[in-house]
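Presented below is the structure to which this report refers.
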Amino acid sequence: MLTRGFTSIGKIASRGLSSTFYQDAFQLSDQLTEDERSLMLSAREYCQERLLPRVTEAYRTEKFDPSLIPEMGSMGLLGAPYQGYGCAGTSTVGYGLIAREVERVDSGYRSTMSVQTSLVIGPIYNYGSEDQKQKYIPDLASGKKIGCFGLTEPNHGSNPGGMETKATWDETTKTYKLNGSKTWISNSPVSDVMVVWARSARHNNKIKGFILERGMKGLTTPKIEGKLSLRASITGQIAMDDVPVPEENLLPNAEGLQGPFGCLNNARLGIAWGALGAAEECFHLARQYTLDRQQFGRPLAQNQLMQLKMADMLTEISLGLQGCLRVSRLKDEGKVQSEQISIIKRNSCGKALEVARKARDMLGGNGIVDEYHIMRHMVNLETVNTYEGTHDVHALILGRAITGLNGFC
């Protein structure tokens with residue numbers, strides 16, 4: 001079994017290598033507050049002790065463990081960047097550090113956590129009424145209830161403006177009747193609470209957010225089977241056939257695509273940090289493997305080609321983390337722009353996937369065995385590079401900001 005890279009300082013010293021420069025090239029830890037460092041270490045301890053031992057079996061069997069949610073809730077990892085209602089109230093950087101540690105173990109686990117935080121608690125916190133916040137957020141933050149976010153549709157992925165799901169007001173029952181379907185929805189088959197976006201005729205066909213609950217008539221959430229990525233998390237659909245939603249479940253402070261896009265921007269920040277956590281793990285695993293592996297009478301790591309790959313990996317990871325830190329600080333200062341988030345989401349996910357592919361190559365045949373973890377990270381990152389805005393969609397967002405011209409056509 002391959003030793004985890006960041007716990008192998010003793011092995012490094014035994015080889016006469018006193019430097020741990022590769023572990024934190026730009027001294028990120030020194031740029032954190034004491035609370036942020038403490039949070040990072042607590043999250044790392046939980047993830048390594050509780051998540052890592054079960055991830056391989058979860059990936060092999062494509063079986064989601066719902067006990068993860070209350071576990072994460074008890075650690076304060078759910079709803080972390082929000083104040084009150086049972087949430088920890090961390091900085092945006094603190095939330096990013098949590099995502100980094102969870103995804104260091106598995107992108108699927110981080111997806112589960114970040115959906116609950118940014119895409120379920122987030123819209124209720126930012127767009128909900130006080131009654132909605134009091135009713136839903138404490139149970140979501142504790143993990144007593146699981147949530148999901150319904151935006152993507154079978155015919156509308158990168159084009160949410162084409163949304164077909166409809167909300168029709170029924171004056172007789174004083175409810176909205178929701179009809180339509182959402183797909184590729186993380187957590188949906190096990191969710192108790194669903195934040196769903198639909199076009200509302202009562203609001204001039206504008207997009208509005210609704211809180212749905214398990215057990216509502218006409219609501220089903222079938223699981224999507226056969227995934228080759230994010231197998232430790234659960235993904236499904238939301239099917240709605242005249243689902244009656246009471247008026248008090250309408251999110252009052254969200255209108256148009258700015259509602260779901262605001263949620264996605266918060267999620268993308270966590271994804272940017274998380275993807276680099278997976279990249280770091282691949283880098284450390286490949287580094288340790290090539291130090292331990294003897295070929296041609298010397299460590300594989302002594303070959304120039306291996307050192308070039310590791311230099312490239314360390315450079316991209318270190319620069320990426322600095323970008324994540326800066327954009328997160330800007331968000332905490334109320335200065336962040338959505339295009340800045342697009343830069344780090346696009347960069348982190350694209351570079352993390354490149355790092356994982358290089359690391360897989362460095363392990364040769366062993367790179368495809370789940371015992372060594374890298375192949376799992378690699379296929380997970382294929383999805384992470386796709387959701388919450390694909391690599392190319394974020395290029396179009398940035399291109400529009402650069403030129404003032406809309407390339408979405």
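Numbers run from 1 along the shown chain.
Placed from the backbone N, Cα and C atoms, the Cβ positions cover glycine too.
Listed in Swiss-Prot:
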ACT_SITE  Glu388  active site, proton acceptor
BINDING   Arg110, Ser111, Ser158, Phe261, Gly262, Cys263, Leu264, Asn265, Arg268  substrate binding site
BINDING   Phe149, Gly150, Leu151, Thr152, Ser158, Trp184, Ile185, Ser186, Thr390, Phe408  FAD binding site
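For the binding-site residues Arg110, Arg268, the largest tally of other C-beta atoms within 10 A is found at Arg110. Least crowded of the binding-site residues (Ile185, Gly262, Leu264), judged by neighbouring Cβ atoms within 10 Å of its own Cβ: Gly262. Long-range Cβ contacts of Phe149 (FAD binding site) within its own chain (separation 6+, distance under 8 Å): Val115, Leu119, Val120, Pro123, Ile185, Ser186, Met194, Val195, Pro260, Cys263.
Within its own chain, Ser158 (substrate binding site) has Gly389, Thr390, Val393 as residues 6 or more apart in sequence whose C-beta sits under 8 angstroms from its own. Put simply, Gly262 (substrate binding site) is 13 Å from Leu151 (FAD binding site) when counted between their Cα atoms.
Here the C-alpha separation of Gly262 (substrate binding site) and the residue listed as 'active site, proton acceptor' works out to 12 Å.
The Cβ of Glu388 (active site, proton acceptor) has Leu264, Ala267, Arg268, Ile271, Lys345 as same-chain neighbours under 8 Å, each 6 or more residues away in sequence.
Most Cβ neighbours within 10 Å, among the binding-site residues Leu151, Thr390: Leu151 holds that distinction in the structure as shown. Look at Ile185 (FAD binding site): DSSP puts it in a strand.
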